[in-house]
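Here is what TrEMBL records for this protein:
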ACT_SITE  His172  active site, proton donor/acceptor
ACT_SITE  Cys185  active site, nucleophile
DOMAIN    101-209  domain 'L,D-TPase catalytic'
SIGNAL    1-31  signal peptide
Amino acid sequence: MAGQSGWWTKRWVRMPLGMIATGAASLLAFHAGQDIAQIAFGNGTAEAAPAIVAVPKPVPAVAPKPVDGPFVVKSILPINEPIRFGKFYWDESRAPASGALVVTVDLAARVISVFRDGHEIGAAAILKGYGEKPTPTGVFPITEKDADHVSNIYDAPMPWMMRLTNDGISIHGSKVEKGYATNGCIGVPDAFAEKLFRIASLGDKVIVTDGRTMQVGDPILTGEHAS
């Protein structure tokens, strides 16, 4: 043993009395003392036993359990190209006839999606606000519905209006064409707005983000909003 542990090392030498000459006994005692001194003061050549390192066994990867619930993406519409201005898709065949409704809006992609019980049933290109009147991001409940709404601020028709904020931001039918914009509202094709209007209820959530993408298995709503 090396280091301080050498202090506890003992070497026993047995010498039967009367059988070993005094000179031999002295020489043996000298070498024994020399060995002990070398070990005690660090000048010996004793080697420490190699340390035994326990190699941790690899933990097998466990696939996450699929998440279920009305606010988890279960299926998306098979759209294989960018949605052009004025175009939309609507297909309720994969979704149940009833279930929690959630609307998502991606301002970066300029796309709105409608989910029922986690299944995407509608998608469309949108108009949004820019500059001093941008479309806000956040989670907004639908607080008012008016099929024949006319803006008292802009004196403009906003058919199939679904209000999101108290300062006038809403989803409504618009002429969705390239080069057009809104004053902060989310403009969608009239036919799409009507379909959404007829199935949406007051309190349904609209999630407006600026670049969030989702795939099957991802949560649509999380935390306090998923209730």
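Heads up, the Cβ atoms here are built off N, Cα and C, so glycines get one too.
Note that the structure is predicted; figures quoted are calculated from it, not measured.
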For His172 (active site, proton donor/acceptor) and the residue listed as 'active site, nucleophile', determine the Cα separation and express it in whole Å.
8
So how many of the residues in the domain 'L,D-TPase catalytic' (101-209) end up helix, strand or coil by DSSP?
10 helix, 54 strand, 45 coil
I'm checking region-level scores; what's the whole-number mean pLDDT for the domain 'L,D-TPase catalytic' (101-209)?
96
